[in-house]
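The structure under discussion appears below in the form of structure tokens.
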Amino acid sequence: MIGRLQGKLIEKQPPEILLDVQGIGYELLLPMTSFYNLPDTGQECTVFTHLVVREDAHLLFGFSTKTDRTLFRELIKTNGVGPKLALAILSAMSVHEFAYAIEREELSKLVKIPGVGKKTAERLLVELKGKFKGLRQPDFFVESKHITVPDIVSAEKETPNDEAVAALVALGYKPPEAAKMVKKVANGDLTSEQLIREALKAAL
């Protein structure tokens, strides 16, 4: 199994990236919480990975930290939570935010995530509550330091708003809802990544 990749970042199109590792291009899907930590295209980066094998495709998911990957693996063990929904959850909340929502049984926060209904949220509470007690330990689930989101070059024909809407749709939001979310936080000076971050923050 591929557990880690290090190479040159060739393309960034939220939530996907293309990573060149010794001449081989790997397509990876990243939660937005990891996407925000990526360097500019053309630079070296390292991602921790998890491979999902399906009948119709092999999907490679990438994460900026092992902690993010650990939570992803815990999520997909939960009944009714597949990789796509796990990606949406990790895009909407950081590991700490999700852990606290679970430990405090904040059902109202969980159901705001696209694809998470009341039953799924309740199942997450039942199956994951108590698994985050290590948060009190300094060497477990340590929050990554704040990283400024780098500016990125927009695609030739797509505006940052278009890219942000497309990314939100890929994360499970319906197109009209995604467009409304982006419009609400739109600012001419924001990159697509910043728009996505603000839209997800406002949704919660």
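Each Cβ is built from the backbone N, Cα and C atoms, and glycine gets one as well.
If you check Swiss-Prot, you get these features:
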- 1-64: region 'Domain I' (REGION)
- 65-143: region 'Domain II' (REGION)
- 144-155: region 'Flexible linker' (REGION)
- 156-204: region 'Domain III' (REGION)
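Each residue of the region 'Domain II' (65-143) gets a DSSP state, and the totals for helix, strand and coil are 50 helix, 0 strand, 29 coil. When the region 'Domain I' (1-64) is classified with DSSP, helix, strand and coil residues number 4 helix, 38 strand, 22 coil. When DSSP labels each residue, the region 'Domain III' (156-204) comes out as 34 helix, 0 strand, 15 coil, counted as helix, strand and coil in that order. Averaged over the region 'Domain II' (65-143), the predicted model reaches a pLDDT of 83.
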